[in-house]
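Participant: Provided herewith is a single structure, encoded as structure tokens, for subsequent inquiry.
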Amino acid sequence: MSGTEGNRAYGRKPFRRSKSHFTDRITADGRDGWPVEPGRYRLVVSRACPWASRVVISRRLLGLEDALSMAVTDPVQDDRSWRFTLDPGGRDPVLGIGFLSEAYDAREPEYPGGVSVPAIVDVPSGRLVTNDYQRITLDLATEWTALHRDGAPDLYPARLRDEIDEVMADVYEDVNNGVYRAGFATDQEEYAEACERLFRRLELLTERLGNRRYLVGDTITEADIRLFTTLVRFDAVYHGHFKCNRWKLTENQVLWAYVRDLYQTPGFGDTVDFDHIKRHYYQVHTGINPTGIVPLGPDLSGWLTPHRREELGGRPFGDGTPPGPIPEGEEVPAAGRPPEKGTGRGTT
Ligand SMILES: N[C@@H](CCC(=O)N[C@@H](CS)C(=O)NCC(=O)O)C(=O)O
């Protein structure tokens, strides 16, 4: 694929998110030909990407790190899209490829669509299985249960699914995708409409989260993961780069505390790389940031401050337990994390 999401979108047409093309599912019964199996598949992500980050968080919360290995791409694509330049020799050590597009081509030669993350690749054949970002996390929660860790939370409880789906649909339309519609708008009206809807929805979510710790029920669910991955990027990229600047998250007491609470919950913040996030958005979308300059701010030190959301009650993991430490080799480098107290490390 040539070009990138941002640059493709910077034309005369309104921003439209393309449908995921490969929608095979990896299931317990293997009905699409892809049974759940430990060690068989490789998850390919960019830590910059909010859709991929959902999967990174779910995989951690559910303790699937050993069962489903993970490849992290360079946050900055080139004209062949996502690449494994962070790995020795520029190749993913498990798949042996330099570009994610090779797995797409192995699945469908001359595949004409975009190469996107998250993607799951079948290791033995090197073929892409799915890039269906709306489905992958739901399947990790409901189809991969045999491989979940002891104490894994139920992220998509059957009795709450209708409510979770409803919340997620609004969050998707106005927030997850809303920031992109605002950022890649090509006329004033389109931008204003997306921006109005985004902030209207954020106000409604503020009301909802004012007296309850999580979006649905009293535990963390898929709905929180999906809202988190947009909110955690808000001040760093959406506020400036995408012009979603009616207010900053740090100016909204409720949402700022909500997102900090999640950030400080094992499995959330320990997957976030602010350095990858900023470099990807500001350097790749040259249509809306032609100089490619990456801003130095914002100051990240607030992410680790007390949030006091535990006073609202709630049981983050329900009857389960938090995940253990990040597996060796998957730690986010210091450049992508807020400065630890007393280190005097900078703001980026
Ligand atoms: N699969 C979806 C959603 C996933 C997605 O948009 N991922 C982005 C990164 S955040 C991506 O890989 N875009 C392709 C590109 O920028 O080249 C899509 O194609 O729109």
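Numbers run from 1 along the shown chain.
Positions of Cβ are set from backbone N, Cα and C atoms, glycine also.
TrEMBL entries are annotated by machine, without manual review.
Sharing the record's features from TrEMBL:
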- C49: active site, nucleophile (ACT_SITE)
- W82: glutathione binding site (BINDING)
- 154-284: domain 'GST C-terminal' (DOMAIN)
- Y180: active site, proton donor/acceptor (ACT_SITE)
- Y238: site 'Lowers pKa of active site Cys' (SITE)
- Y281: site 'Lowers pKa of active site Cys' (SITE)
- 308-348: region 'Disordered' (REGION)
- 338-348: compositional bias 'Basic and acidic residues' (COMPBIAS)
Participant: Which one is it: of the recorded positions C49, Y180, Y238, Y281, which Cβ has the fewest other Cβ atoms within 10 Å in this structure?
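Facilitator: Comparing Cβ neighbours within 10 Å for the recorded positions C49, Y180, Y238, Y281, Y180 has the fewest.
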Participant: For the residue listed as 'active site, proton donor/acceptor', identify the closest of the recorded positions C49, W82, Y238, Y281, judging by Cα separation.
Facilitator: Y238
Participant: For the region 'Disordered' (308-348), give me same-chain residues lying six or more residues beyond its boundaries with a C-beta closer than 8 angstroms to one of its C-beta atoms, as numbers and ranges.
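Facilitator: Result: 47, 60-61, 63, 65-66, 70, 149-154, 211-214, 218-220, 257-258, 260-261, 265-267, 270-278, 296-302.
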Participant: Can you tell me which of these recorded positions sit near ligand 1, meaning the Cβ is under 6 Å from at least one of its atoms: Y180, Y238, Y281?
Facilitator: none
Participant: Once the DSSP letters are reduced so that anything not helix or strand counts as coil, what is Y238 (site 'Lowers pKa of active site Cys')?
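Facilitator: DSSP call for Y238 (site 'Lowers pKa of active site Cys'): helix.
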Participant: State the Cα to Cα distance, in Å, between W82 (glutathione binding site) and C49 (active site, nucleophile), rounded to an integer.
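Facilitator: A Cα-Cα distance of 11 Å.
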Participant: What does the structure give for the C-alpha distance between Y238 (site 'Lowers pKa of active site Cys') and Y281 (site 'Lowers pKa of active site Cys')? Integer Å is fine.
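Facilitator: With the alpha carbons as reference points, the distance is 9 Å.
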Participant: Roughly how many Å lie between the Cα atoms of the residue listed as 'active site, nucleophile' and Y281 (site 'Lowers pKa of active site Cys'), rounded to a whole value?
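Facilitator: A Cα-Cα distance of 9 Å.
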Participant: From the DSSP assignment alone, can you count helix, strand and coil residues within the domain 'GST C-terminal' (154-284)?
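Facilitator: Per-class counts: 90 helix, 0 strand, 41 coil.
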Participant: If you average pLDDT over the domain 'GST C-terminal' (154-284), what do you get?
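Facilitator: The answer is 98, the mean pLDDT of the model over that range.
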Participant: Treating G and I as helix alongside H, and B as strand alongside E, what does DSSP give for the region 'Disordered' (308-348) in helix, strand and coil?
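Facilitator: Grouping H, G, I as helix and E, B as strand yields 7 helix, 0 strand, 34 coil.
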Participant: Under DSSP, is C49 (active site, nucleophile) part of a helix or a strand, or is it coil?
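Facilitator: Looking at the DSSP assignment, C49 (active site, nucleophile) belongs to neither helix nor strand, so coil.
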Participant: For W82 (glutathione binding site), what is the secondary structure state per DSSP, taken as helix, strand or coil?
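Facilitator: SS state of W82 (glutathione binding site) = coil.
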Participant: I'd like the Cβ neighbour count for W82 (glutathione binding site), meaning other Cβ atoms within 10 Å of its Cβ, all protein chains included.
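Facilitator: Within a 10 Å radius of the Cβ of W82 (glutathione binding site) lie 28 other Cβ atoms.
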